[in-house]
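What TrEMBL lists as compositional bias 'Basic residues' is 53-65. Annotation source TrEMBL lists compositional bias 'Basic and acidic residues' at 90-108, 226-235. Per TrEMBL, the feature compositional bias 'Low complexity' maps to 216-225. Look at TrEMBL and you will find 3-50 tagged as domain 'PHD-type'. What TrEMBL lists as domain 'Bromo' is 126-196. TrEMBL lists 49-112, 216-235 with the feature region 'Disordered'.
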Amino acid sequence: TGEPCCVVCGKRMGRIVECDLCPRAIHLDCLNPPLPRMPRKWVCPACTANQGRKGKGRRSPKKKNKENNTSVRERKDSDAGNKSANESTPSEKPEKKRGKDQEKKKQAAEQSEDMTVCRLILTEMDKHDDGWPFLKPVNFKQFPAYKKYIRQPMDFTTMKNKLRDNQYKTRGDFAADVRLIFNNCQTFNEDDSEVGRAGHNMRKFFEVRWKQLLLTSPSSPSTNSNEEKMEEGGD
């Protein structure tokens, strides 16, 4: 109810004094010995016995604030100590990250240099007289049956984008996409059609020119031999 109740007799009426440190209340007459008049400040026997150490009842606001301030200072000191320790101790993670970044840049540079012949031959095929059917992706609206026969479309524009984004890991991957273009052309078009003849002419041009570029390429002999094996398999 929020009204003070005597902890001895349990009654609410009468002259009841409340403890300054805890919720306990008691009649003046129920005290032992009884008090003749209402005191200005009163501490119950339990709180009196617990003074000098942490009590179970309520703490004064001043004491509580003091403890909170002490706890905050301790946490700040701890955080400052941890921060200084971290700053004084060199971390290995940034060094590892820098090493990985340098390795990635080196690999990207090597890959870019290794793909120079790919960019060159793609530019030559793009300007070839018979390269016009393969410049852009096939228009599915114009040829709705194309998707039924060709599972993996490919064209010169898509290959340019893949070269730009470093999606080709090896020259063999690039050559596989070139042959995929001509294989798709042979599958979908008649050999004696205009597009079919262009596909056969472009395949012959690519195979001859590709071997020439690989022979003059500054890459390692093992790389060239592996690519020549892939070409023999493609032929």
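A Cβ is built for glycine as well, from the same backbone N, Cα and C atoms used for every other residue.
Note that TrEMBL annotation is computational and uncurated.
Taking H, G and I as helix, E and B as strand and the rest as coil, DSSP gives the domain 'Bromo' (126-196) the counts 39 helix, 0 strand, 32 coil. Averaged across the domain 'Bromo' (126-196), pLDDT in this predicted model comes to 96.
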